[in-house]
Amino acid sequence: MLEKSTAKPLTLELMKNFFRRRENSRNSQRNDRIGSLGLIQHSRPSYLPAKNPDEETKHQKEHDEILESVRRRETQAEKERNKKREERYKEEERLLVDSRLWTSDILPNFEQLRLSREVQDLWWRGLPPSIRGRVWRLGISNKLNIQGDIYRNCLNELREKVNHESLVAIRLDVSRTFPVLCVFQEEGPLNEPLRSVLAAYCVYRPEVGYVQGMSFIGAVLTLNMEPHDAFVCFSNLLDNPCHKAAFTLDQRQMNVYYEVFAAALLKNLPRVHAHFISSGLSPDFYLLDWVYTIYAKAMPLDVACRVWDVFVKDGDEFLFRTALGVLNLYQEELLGMDFVRCAQFLTKLPENLQASQLFESIGVMTVCPGGGNFQKIIDDVSRGNS
């Protein structure tokens, strides 16, 4: 039986260290390398015969051209590194300023300010990690009215209510969730809290139980809030129409979502739509996994959290806008791939995916023609297919 966990969310500094892992790894590799110019030998070995003057002049010119080319490349690379470093510093400063604004002005008056243009713009550009969990809880809300005793009771009833197969599946999936972070694996600080959240949900919603993919949603929540709050948010998220259809394996309703998405893909990216049709790559091959995990499995974690920031505000529609944004961002690459390569590429997006690039791409995508209501479109298509 799982014990109730008192583990706290990861500190902001630890989260920042995790999110910087890719950049720090690249920097350390660069620092360990000797400059290219240092590897070039200038003198001719004494045991070789002397060159004639014309050959010496020719080779000296070629040598100088090679050195100059290397200098230009390394100078440009250094400029790019400095630019990225400066952008990172500016982003950290922005997050600090935004965090103060959210804490002092917005969160105390959240319901009154959440729909204002200023807050909407601030929300779009990314929530500071220090207040992310609090804003997510408010954005997701608690329509199911889950109180503290419900989570405790679910934990207490685990032995009687959850079958052994579900607990085994949860234990296995949790240990494979975000392995690079080393916090959800056995003996990791968040292994027990995440397992408790998932197992408690099996008690709370036995008709749904545990479905593979849930661990990623639970993990993102557990990284950003206390286990009880993660359970409340998890349960409410999975009660949203799209996730309810996905996790209850309602194929008929999921086909409605696929149909709506395919229409949006045709309107926004007709070349990609035609290529996928000719390749036999239907939305269920990539979209379902994105929905199951809210992009936490396919994207770098820091980028996925940016997607979550807006998703908790805009709901299911943003899942599909994000999908269009991904396909728009990588459309040239995808157009040159066959079915297998496309499916593999979309299952795990490049590690160098940047949130700024993705959101610029998402910003020009539309799911609802004329600004219509997404859920109304889903309902209309569903009735038409009845």
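Every residue, even glycine, has its Cβ placed from backbone N, Cα and C.
Feature annotation from TrEMBL assigns region 'Disordered' to 21-89.
Taken from TrEMBL, the feature compositional bias 'Basic and acidic residues' covers 21-33 (among others).
Per TrEMBL, the feature compositional bias 'Basic and acidic residues' maps to 52-89 (among others).
Per TrEMBL, domain 'Rab-GAP TBC' is recorded for 126-315. Looking just at the domain 'Rab-GAP TBC' (126-315), the mean pLDDT is 94.
Per DSSP, the compositional bias 'Basic and acidic residues' (52-89) is made up of 37 helix, 0 strand, 1 coil.
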